[in-house]
Amino acid sequence: MATGKLNVYLVRHGKTMFNTSRRVQGWSDTPLTNEGIEVAEFLGRGLRETPFDAIYTSDRGRTIETAGIILRESKQTHLEINELRDFREFGFGKFEGEYEDIMFGKVMEHLGFQSMEEAFEKFGDDGYQIISETVEKIDETGMSENWDEMVARLKNALATVSAENQVENANVLVVSHGMAINTIISFFDKSLINPDLANASVTRLGFENGEWTIETVNDLSYIEAGKLVLV
């Protein structure tokens, strides 16, 4: 039986080719850029003083690549990476690989807004849900993911992590995606949603006595600490 608190370090993957060219990247996948590799290295070095009991990623290459770098640089390569499909990013259907401006322009046109800022001002903390549901509506191919399906699988992913780590004060690393992490944040406190989650940032969750809490969001201190570590 677990005792103490489960500490989950939710990390956004390092910067990728599609991130750099501002293309839609949900279920589609591109490798890390040199910048993405470097920031993952810094994060790994900054986490050397945090011994992990387990590590999870989505089944997308960019999270697996990021996790491998973190394990190498934190000197914890003895850990096996557990791939969980449920930690995937939202699936944008026919818009995968499209320029972000084009997809969001079509979403704004459908909603009757001039800009994303205007939409988020109107919908507030529900902006991600409204935009995701709109993507599904305007994707005539039917390939876009359903918002409720993404919510269900992410909740299932958290349940899996908590169930599989029934040890005292366990530290678990999860490498996932920006919108997925913000969706998880929304389960517990929508006011903490951050549309600008940085690549390789840490959002820390605690799980104790059956309750989840948010400790930090978009924490870059581990990256900064890693920059000071001598290789």
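Positions of Cβ are set from backbone N, Cα and C atoms, glycine also.
Residues annotated as substrate binding site in TrEMBL: Arg12, His13, Gly14, Lys15, Thr16, Met17, Phe18, Asn19, Arg62. In the three-state DSSP scheme, His13 (active site, tele-phosphohistidine intermediate) falls into the coil class. Its own atom aside, the Cβ of His13 (active site, tele-phosphohistidine intermediate) has 29 Cβ atoms within 10 angstroms in the protein chains shown.
Summarising the annotation, TrEMBL assigns active site, tele-phosphohistidine intermediate to His13.
Under a cutoff of 8 A between CB atoms, and with a sequence separation of 6+ in the same chain, the neighbours of Glu89 (active site, proton donor/acceptor) are Gln25, Gly26, Trp27, Ser58, Arg60, Ser176, His177, Gly178, Met179, Ala180. Secondary structure at Glu89 (active site, proton donor/acceptor), as computed by DSSP, is coil. Annotation source TrEMBL lists active site, proton donor/acceptor at Glu89.
The feature site 'Transition state stabilizer' is assigned by TrEMBL to His177. In the three-state DSSP classification, His177 (site 'Transition state stabilizer') falls within coil.
Listed in sequence order, the residues Thr20, Gln25, Thr30, Leu32, Thr33, Gly36, Thr66, Asn199 complete the 8 Å Cβ shell around the substrate site centroid, once Arg12, His13, Gly14, Lys15, Thr16, Met17, Phe18, Asn19, Arg62 themselves are left out.
For the recorded positions shown (Arg12, His177), fewest C-beta neighbours within 10 angstroms: His177. For the substrate site, whose annotated binding residues are Arg12, His13, Gly14, Lys15, Thr16, Met17, Phe18, Asn19, Arg62, the maximal Cα to Cα separation is 15 Å. Less than 8 angstroms from the CB of Thr16 (substrate binding site) sit Gln25, Asp29, Thr30, Pro31, Leu32, Thr33, Gly36, Arg62, each of them six or more residues away in the same chain.
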